Amino acid sequence: MNSIDLSRVHMIGIGGAGMSGVARILLSCGSVVSGSDVKESRPVAALRAMGATIAVGHKAENLAISGSMPTVVVTSFAAIPQDNPELQEARANNIPVIRRSDLLGELMEDHQQVLIAGTHGKTSTTSMAVVALQAAGKDPSFAIGGQLNKAGTNAHDGTGKAFVAEADESDASLLRYKPDIAVVTNIEPDHLDFFKTSEAYFKVFDDFAERVQPGGTLVVCLDDPHAAALGEKFKDRMTVRGYGSPAAAQQYPDVAFTVVEHMEVGPAGTRARITVGDDTVDVIMRIPGHHMVLNACAALTAGVTAGAELERLAAGISDFSGVRRRFEFHGRVSGGAFHDAEVYDDYAHHPTEVTAVLKAARQQQEARGIGRVVVAFQPHLYSRTMEFAAEFAEALSLADHAVILDIFGAREQPVEGVDSRIISDKMTIPVVFEPNFSAVAAQVKKIAQPNDIIVTMGAGSVTLLADEILTALRESE
């Protein structure tokens with residue numbers, strides 16, 4: 001950490017998933033950290049407990065909130081407007097302003113950098129890789145976009161040589177890293193509000209692969225055509241290790257390294273037999289879904305490449321209890337009119353993610369042999385909703401019943417004439433469009449039956465409804 005003075009850091013939007021993790025590492029390293037956010041939150045409270053000084057609301061005077069002006073100001077440019085008063089104050093005082101990705105890149109210097117990229121599955125795969133390496137005794141540093149359920153944290157300053165982190169492509173931040181091991185889970189057009197074209201989106205992954213360091217390894221999912229094509233493109237320039245199904249491994253024999261030999265879904269989870277290199281292990285996944293098995297393959301491949309023992313990595317994967325908001329179990333109704341109904345919450349906000357989660361929910365429902373799948377979905381961003389309305393409708397129709405909330409605009413302004421009905425009107429299952437957020441739990445209760453699997457889904461405020469729905473269903477216990 002030589003090029004940036006991190007002795008006194010101020011972070012705008014410090015409570016965000018990515019920012020709070022980096023703040024944790026800075027505090028562990030002895031930096032004096034201050035920050036601001038628009039509201040109180042669990043991450044803000046946790047950082048205060050670690051010693052950070054944090055203000056709610058953005059004001060110019062927040063820069064000196066800890067008693068001195070910062071040596072550097074950190075922000076997420078995608079989330080923070082350029083007229084933010086703290087940004088303006090920093091520039092007026094000639095204080096360097098850097099992106100969160102620049103800071104993370106600085107923190108990863110002198111480590112073996114394990115970067116997890118891809119359109120979907122980054123957080124789950126990164127989390128599995130971390131838990132696996134911990135089980136293998138490697139104590140990696142890490143920064144994750146979600147909170148590990150078991151560890152209760154999203155970042156750690158470890159004693160091992162590996163640093164595992166998500167490489168976010170949404171604003172091309174992944175091009176600020178220097179991976180020794182680069183994992184690409186899948187590639188599918190997204191974030192077109194930033195990239196404008198699919199071609200520009202695909203290119204950012206080519207550029208990411210170009211940044212793999214000499215002697216490094218590119219790990220790709222062979223079941224995903226675009227990730228597999230990336231591996232094929234770079235296999236003569238660096239070590240490429242592919243993972244996936246036996247059929248995919250046969251299609252790409254030159255790079256196949258990790259293969260799912262067998263998978264069996266039961267009420268207690270998913271059992272998979274996985275061959276990594278010349279060795280085979282059995283893994284029991286607590287989190288359902290074929291996509292989660294592929295994520296486990298990515299984590300095992302990265303772990304072995306990082307020098308860890310496969311058996312110990314596999315034990316860590318089998319002990320993996322998930323990440324907050326990734327098919328996160330909120331509770332079961334023990335009795336009454338909705339007995340044995342279960343409520344889950346998931347961050348899925350792209351049609352492919354919705355498909356994967358609902359297929360996983362269906363696998364779980366079929367393993368139980370009873371009940372239905374009910375989804376309460378909140379679209380995220382007007383641009384994404386308009387771009388993928390038909391695909392969302394098809395994906396959501398994998399459930400048995402649905403409640404569709406209005407669009408969570410986040411950083412975008414409303415678009416006249418556009419609401420979630422452009423999705424719900426195309427769906428082929430019973431569906432209710434409910435624009436009143438406070439009425440959603442009641443709508444779900446009207447639909448619910450005993451033994452149902454109910455999933456709240458989306459990247460916005462819908463997560464607040466999981467416990468509200470569970471409480472409503474438990475009123476009849």
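In case you wondered, yes, glycine gets a Cβ from its N, Cα and C as well.
Sequence annotations record features per position, and here Swiss-Prot assigns ATP binding site to Gly118, Thr119, His120, Gly121, Lys122, Thr123, Ser124. With a 10 A radius on its CB, Gly121 (ATP binding site) counts 25 other CB atoms from all the protein chains. Taken residue by residue with DSSP, Gly121 (ATP binding site) is part of neither helix nor strand, so it is coil.
The Cβ neighbour count for Gly118 (ATP binding site), using a 10 Å radius over every protein chain in view, is 25. One residue stands out among the binding-site residues His120, Lys122 for having the most other Cβ atoms within 10 Å of its Cβ: Lys122. The most crowded of the binding-site residues listed here (Thr119, Thr123, Ser124) is Ser124, judged by how many other CB atoms sit within 10 Å of its own CB. Excluding Gly118, Thr119, His120, Gly121, Lys122, Thr123, Ser124, which define the ATP site, the same chain contributes Ile116, Thr125, Thr185, Asn186, Asn295 within 8 Å (Cβ to the Cβ centroid), listed in sequence order.
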